[in-house]
Amino acid sequence: MNRPERLQPGVKLRDADKVARIPVKIMPSERETMLRKPDWLRVKLPASNQRITEIKQALRSNGLHSVCEEASCPNLAECFNHGTATFMILGAICTRRCPFCDVAHGRPLKPDADEPVKLAKTIRDMKLKYVVITSVDRDDLRDGGAQHFADCIREIRALNPHIQIETLVPDFRGRIDVALDILSTNPPDVFNHNLETAPAHYRKARPGANYQWSLDLLKRFKERHPNIPTKSGLMMGLGETNEEIIQVLKDLRAHDVNMLTLGQYLQPSKFHLPVERYVSPQEFDELKVIAEDLGFSHAACGPLVRSSYHADLQAQGKEVK
């Protein structure tokens, strides 16, 4: 068996080059076998692109990244036009290679020590009141990137004292306690970590991750910060059943998670995992009722819902779908 070529620092691997490095073989999807996208997934583009252009220019001029662009989010136009963005720190190259995700895999560069200040200034200039900070996985760092998260939160609050900050963190594999110790110095207003799918589908969808580790991360943060909401998100369409998703919801509540996002998986390219089903808006509505009955303080459930989609409205308890 031929070994993959050694990764070069800063080189992005995408699509076929990325998924070739996972343990489950994925055959490229043929157009005739791909499920037809239903009408309810058609995204309406805004009348004006001015605000979108302004946000993209602000990101470029400061050398910053948004997960909206890097992960090819279908809501990019709506969110940018609304004046919101989810900032992705620690670079745009992930040490993991999840085949549902469009973020590039590779060997990341050293973290930018100036990024926390640049991020804080950009948020101030954009006059944002609620921000979501996420990152790629950084298994190459001894703390998984936790100190960089804490530094960003500190600098953002220094320049934006009235802002609310939500962090969407990786799983800090093997470093949970170290990471939580560091994050305790500057905790966010909402702590988010996505389980993504049911445990039976982790090997194909989240190679390198562990379902129980992710639950433990959410639980341990809540134990340290009982008054800070915890949140998690799931995708549907990766081969799971509704019954499996309901069990995940029960597991999340058993680990004291307060907020939920549930959305439709969309295949970024023919080289990624195929969509195995499109879940109807009615099914999402039914799952929302179940989530609320289980005790989630807020559940955003709908085909185009993503973990940071209208996160400010989610935090206010307003309906998002």
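Yeah, the Cβs are placed from backbone N, Cα and C, and that goes for glycine too.
There are 21 other CB atoms within 10 A of the CB of Cys73 ([4Fe-4S] cluster 1 binding site), with all protein chains counted. The annotation [4Fe-4S] cluster 1 binding site is assigned in Swiss-Prot to Cys68, Cys73, Cys79, Ser308.
Cβ-based neighbour count (10 Å, all protein chains) for Cys98 ([4Fe-4S] cluster 2 binding site) stands at 23. Marked as [4Fe-4S] cluster 2 binding site by Swiss-Prot: Cys94, Cys98, Cys101.
Feature annotation from Swiss-Prot assigns domain 'Radical SAM core' to 80-297; the stated evidence is sequence analysis.
For the pair Cys73 ([4Fe-4S] cluster 1 binding site) and Cys101 ([4Fe-4S] cluster 2 binding site), the C-alpha distance works out to 10 angstrom. The binding-site residues recorded for this entry are Cys68, Cys79, Ser308, and the Cα of Cys68 lies nearest to that of Cys101 ([4Fe-4S] cluster 2 binding site). When averaged over the domain 'Radical SAM core' (80-297), pLDDT in the model lands at 95.
The number of other Cβ atoms within 10 Å of the Cβ belonging to Ser308 ([4Fe-4S] cluster 1 binding site), over all protein chains shown, comes to 28. Sitting within 8 Å of the Cβ centre of Cys94, Cys98, Cys101, and not among those site residues for [4Fe-4S] cluster 2, are the Cβ atoms of Arg96, Arg97, Pro99, Phe100, Asp102, Val103, His105, Val136, Asp137. The subset of binding-site residues (Cys68, Cys79, Ser308) lying with their Cα within 10 Å of the Cα of Cys98 ([4Fe-4S] cluster 2 binding site) is empty, i.e. none.
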